[in-house]
């Protein structure tokens, strides 16, 4: 018997185009900036094959999330209908009371209101049981369909992913600031690039400025401490990414991506290919797999974007178009970069720093401004996202370890510990490593595989089984995944396990 789902008001709706844009912006993020580097390391042909294959499998598991969410709505509607039937039965049994007329009128009014909120009829039950009108987050679906062990494993997987997310954000901001502040000639040192993963050790001896003794590593750590001290305290407050901030961030993001692609194409046309990446390089698979999984990650936030879409029947089509365009965009961004530049930084924006460029006229000055905008672009976007992700992590830690229904009964000291638990581990990780490729590889391969592959498989499996027991097989789920055979579930599960094993062997051998 599933847990009772509380009713909630429906969210405001938006058009299919707005939903398309929101989902597009959700998927395309920091991971895209790491793709050129991993493409260069793994080889262009191998990278093409892997990213297309992972895009298809990621879309497959997204359809599992949609189906599971529709099943959660069906269970909610079923529970509400049972409650209405019990209410009607109780009203009929109370007809012999002294206030039978008043009770019947009040009960009838309540039933009318409940039926208005749940448009469920016997004649049209196949259409109304399965909906996407009410938002069910992954945590709610895990609580609904999983047992206690499954719920704990879900939260652990999500928490590890969010820790990785914060570590990537911190390292990306600190590295971007360091490479902008320090002498740019040192920024091109081959020991600090994707091809040489030992950059952390070399930055210990490389000076940030020729006339000073502070090393690039120490400058990175100073900037990391400053970033954490400035944005870390926001985790104690209820900070939200407003619509206007989201629109501004999206505008900056697309301006930056467009400029990067245009500059790379211009360099390819004007001076030819400077980069000569390999065709296949199996040693680049760990970073490639992790970055691709990380770049297609949207599953943990997708339900909140699906519920407000006005025409729910178009959800699958919107997502399929999103995935096709995003995959093509990733390939264009990475392929132009690996052939336009001789060497690729693991954060692609750092390849656009104005090395040895002098200001001589308006156009050279404009080019320098564009280069600095691209180099500083991750700092703005990730700084605005850092507090939101940290607050999400804090809330999930509290949900895992505390009884949120009795939250106010816990001591203030205990409640103040959770924001620190959200901030300190990512800081410690990035203090001792600045390798974005390693952070992305680990986060995408392990926690990302759990959230993007394994959790959707188990969610849709238990959702199908629960709905079959409650509603029977005669009620059709119009949001059912096109990959409805159980063989697809087995395939995705085996695929994810094999990938994690192979990546682990390559990563630690």
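Cβ coordinates come from backbone N, Cα and C, glycine included.
Listed in Swiss-Prot for this protein:
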TOPO_DOM  1-19  topological domain 'Cytoplasmic'
TRANSMEM  20-40  transmembrane segment
TOPO_DOM  41-45  topological domain 'Extracellular'
TRANSMEM  46-66  transmembrane segment
TOPO_DOM  67-151  topological domain 'Cytoplasmic'
TRANSMEM  152-172  transmembrane segment
TOPO_DOM  173-218  topological domain 'Extracellular'
CARBOHYD  186  N-linked glycosylation site
CARBOHYD  202  N-linked glycosylation site
CARBOHYD  203  N-linked glycosylation site
TRANSMEM  219-239  transmembrane segment
TOPO_DOM  240-248  topological domain 'Cytoplasmic'
TRANSMEM  249-269  transmembrane segment
TOPO_DOM  270-277  topological domain 'Extracellular'
TRANSMEM  278-298  transmembrane segment
TOPO_DOM  299-320  topological domain 'Cytoplasmic'
TRANSMEM  321-341  transmembrane segment
TOPO_DOM  342-361  topological domain 'Extracellular'
TRANSMEM  362-382  transmembrane segment
TOPO_DOM  383-411  topological domain 'Cytoplasmic'
TRANSMEM  412-432  transmembrane segment
TOPO_DOM  433-439  topological domain 'Extracellular'
TRANSMEM  440-460  transmembrane segment
TOPO_DOM  461-487  topological domain 'Cytoplasmic'
TRANSMEM  488-508  transmembrane segment
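By the Cβ criterion (distance under 8 Å, sequence gap of 6 or more), the transmembrane segment (488-508) is counted as touching the transmembrane segment (46-66), at least 3 such pairs being found.
Only sequence-distant pairs (6 or more apart) were considered; of these, at least three Cβ pairs between the transmembrane segment (412-432) and the transmembrane segment (219-239) are under 8 A, so the stretches are in contact. Among residues of the same chain six or more beyond the transmembrane segment (362-382), those with a C-beta under 8 A of the stretch's C-beta atoms are 30, 33, 169, 172-173, 176-177, 179-180, 249, 252-253, 256, 259-260, 263, 347, 349-350, 352-354. Here the listed stretches are 20-40, 278-298, 321-341, and the one with the most C-beta pairs under 8 angstroms to the transmembrane segment (46-66) is 278-298. Using a Cβ-Cβ cut-off under 8 Å and counting only residues 6 or more beyond its ends in the same chain, the transmembrane segment (278-298) has close neighbours at 23, 26-32, 34-35, 37-39, 41-47, 50-51, 54-55, 58, 62, 323, 326, 330, 437-438, 440-445, 448-449, 451-452, 499, 502-503, 506-507. Among the listed stretches 20-40, 321-341, 440-460, the one sharing the most Cβ pairs under 8 Å with the transmembrane segment (249-269) is 321-341. Taken residue by residue, the topological domain 'Cytoplasmic' (461-487) breaks down under DSSP into 13 helix, 0 strand, 14 coil.
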